[in-house]
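Participant: Got a structure for you, written out below as structure tokens; questions coming shortly.
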Amino acid sequence: MRRTQQGTTASPPVLDLGALGQDFAADPYPTYARLRAEGPAHRVRTPEGDEVWLVVGYDRARAVLADPRFSKDWRNSTTPLTEAEAALNHNMLESDPPRHTRLRKLVAREFTMRRVELLRPRVQEIVDGLVDAMLAAPDGRADLMESLAWPLPITVISELLGVPEPDRAAFRVWTDAFVFPDDPAQAQTAMAEMSGYLSRLIDSKRGQDGEDLLSALVRTSDEDGSRLTSEELLGMAHILLVAGHETTVNLIANGMYALLSHPDQLAALRADMTLLDGAVEEMLRYEGPVESATYRFPVEPVDLDGTVIPAGDTVLVVLADAHRTPERFPDPHRFDIRRDTAGHLAFGHGIHFCIGAPLARLEARIAVRALLERCPDLALDVSPGELVWYPNPMIRGLKALPIRWRRGREAGRRTG
């Protein structure tokens, strides 16, 4: 998506992140650290060609995430949305209060820790089936993205929302096209196709007694449009599906990459699985699935330590750098599953804190436990330097994660 600002006055120099290539995609942390040393806010050009502001450093990141002067509503942006984007942006993630409050309240109860815990048996069943299929590979090798990291969260969120099984593969194509775009036109086409599909899915649920979340939202909209308009219904379906799986895909894959790249930490976790919850939190901090929080737009000029961000400009808060700020996380480049990660921002901060965090954590914990318990000597099947990272400044994700394990009597046994 093009996010070049319109109508701003003289701007500071622009750092072209795209020119840094795969080196930056694979390891953006030194660049972010250099920027942080120079100040909290910087103009950059993303690999897509968008000119935006990056906010770096833990304290500034946390403050901006909770600052009401930074709007999430595109009506406060100087950059117009395309028709395809506008059709899908009527959702809680891209709204400010009171609209945000109203929309979030409609779905919040479905994602409480108590409600999510009720999904544990089904999530375990899905994980067991996927790991069974993966371990059936005759050569003891697989791409973890394809075998587990992607199919688990798309299955869980699709069942929760009532997306038919035959339709789910299309979401991989659509989300890859606009989350990791190679071609802007292709991204717009994907958004239009997803919008059309979701509109048809919503229509198919009208007048039915479905027990899924999307059916419940359809009934709410039909009964009282003041609580949920038809445009908001479409936007909510979109954000729940995309945010409901994309983050968890990369949490599982990035987390397992971090674990497999640090044999001492892998051994420590295998020896004491009570460390699992803390390990997942360290995965979120060390190599989290969200590199930068989604777009924000100042409603007035905002001065960050002497750098003024004009009203309407696009701002990305770099969570990845917040988590590598040594004043907040000592020795931040060390992966340590016993670390105190309290205060990490992987799921955001403030009113837009990720509503699906309990579900993402549940899926990741079950997936990691299953892999370690059922694959005796799970390992990367390539060197870390051979892995390819997507050049997206918001989503931190791998194109593939090749793994291998020992074939033998011990491999593959379910322990639960």
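Glycine is no exception: its Cβ is also placed from the backbone N, Cα and C atoms.
If you look up Swiss-Prot, you'll see Glu94, 187-191, 238-246 marked as substrate binding site. Annotated heme binding site per Swiss-Prot: Cys354, in sequence order, evidence recorded as experimental evidence.
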Participant: Within its own chain, what residues at least 6 apart in sequence put their Cβ under 8 Å from the Cβ of the residue listed as 'heme binding site', listed in sequence order?
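Facilitator: Set apart from the residue listed as 'heme binding site' by at least 6 residues yet with Cβ under 8 Å, we have Ala243, Thr247, Phe347, Gly348, Ala360.
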Participant: Per DSSP, to which secondary structure element type does Cys354 (heme binding site) belong, with helix, strand and coil as the options?
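Facilitator: Reduced to three states, the DSSP call for Cys354 (heme binding site) is coil.
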Participant: By a 10 A CB contact count over all chains shown, which of the binding-site residues listed here is most packed: Ala190, Leu240, Val242?
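Facilitator: Of the binding-site residues Ala190, Leu240, Val242, the highest Cβ count within 10 Å belongs to Leu240.
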Participant: Once the chains shown are all counted, how many other Cβ atoms turn up within 10 Å of the Cβ of His238 (substrate binding site)?
Facilitator: 22
Participant: What same-chain residues, at least 6 away in sequence, bring their CB to under 8 Å of the CB of Gln188 (substrate binding site)?
Facilitator: Thr82, Ala84, Glu85, Phe178
